[in-house]
Ligand SMILES: [Zn+2]
C-alpha cells in the first residue's frame, strides 16, 4: 500500500496556484477548452499536480471533444480512487488521486475504446512529464 500524503489546507494553499487549489482541494472544475492538455501527441506521463504521483499515460488519451483531457484508463488501478458523487443533482463517479486525495475529475461509462470508460480530467490537476 502506498503511503498517503496528508497536508493541511494551508499547506496545500501555499504549494498550489489558486486555480490548482480550487480544482484539486475544493473539487472545482476548470472551464472547458482552457486547459493545457486537451490535445497533445507527445509521449509521456501525467502526474498529480499536488503530490507528483503518476496517474495517466498519453497513450491512453483521446480527444472526446468535451474540452478536458480524456483517458480510457488510469496508469494503474491503484493510481486513482473512485467515489460516488451526487452533487449538482447528478449521479457521477468522482476520480481522486489515491496518494493525496486530490480531486481530478470524473469517469463516465461512455468511452469510445474497448475499456468503455472516459476519464474526464482537469488539466490543472495534472503535470505532464514528457518522454517517460
Ligand atoms: Zn496526488
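One is the number of the first residue shown, and numbering goes on along the chain from there.
Backbone N, Cα and C define each Cβ position, glycine as well.
TrEMBL entries are annotated by machine, without manual review.
According to TrEMBL, the protein carries these features:
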ACT_SITE  120  active site, nucleophile
BINDING   48, 51, 97, 100  Zn(2+) binding site
DOMAIN    9-131  domain 'MsrB'
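Positions of the features from TrEMBL, shown on the structure.
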| residue | record | CB count, 10 Å |
| --- | --- | --- |
| 48 | Zn(2+) binding site | 25 |
| 51 | Zn(2+) binding site | 20 |
| 97 | Zn(2+) binding site | 25 |
| 100 | Zn(2+) binding site | 19 |
| 120 | active site, nucleophile | 22 |
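Among the recorded positions 48, 51, 97, 100, 120, the residues whose Cβ sits under 6 Å from any atom of ligand 1 are 48, 51, 97, 100.
On a Cα basis, residue 97 (Zn(2+) binding site) lies 14 Å away from residue 120 (active site, nucleophile). Secondary structure at residue 100 (Zn(2+) binding site), as computed by DSSP, is coil. Per-residue pLDDT, averaged along the domain 'MsrB' (9-131), amounts to 92 for this model. Look at residue 51 (Zn(2+) binding site): DSSP puts it in coil.
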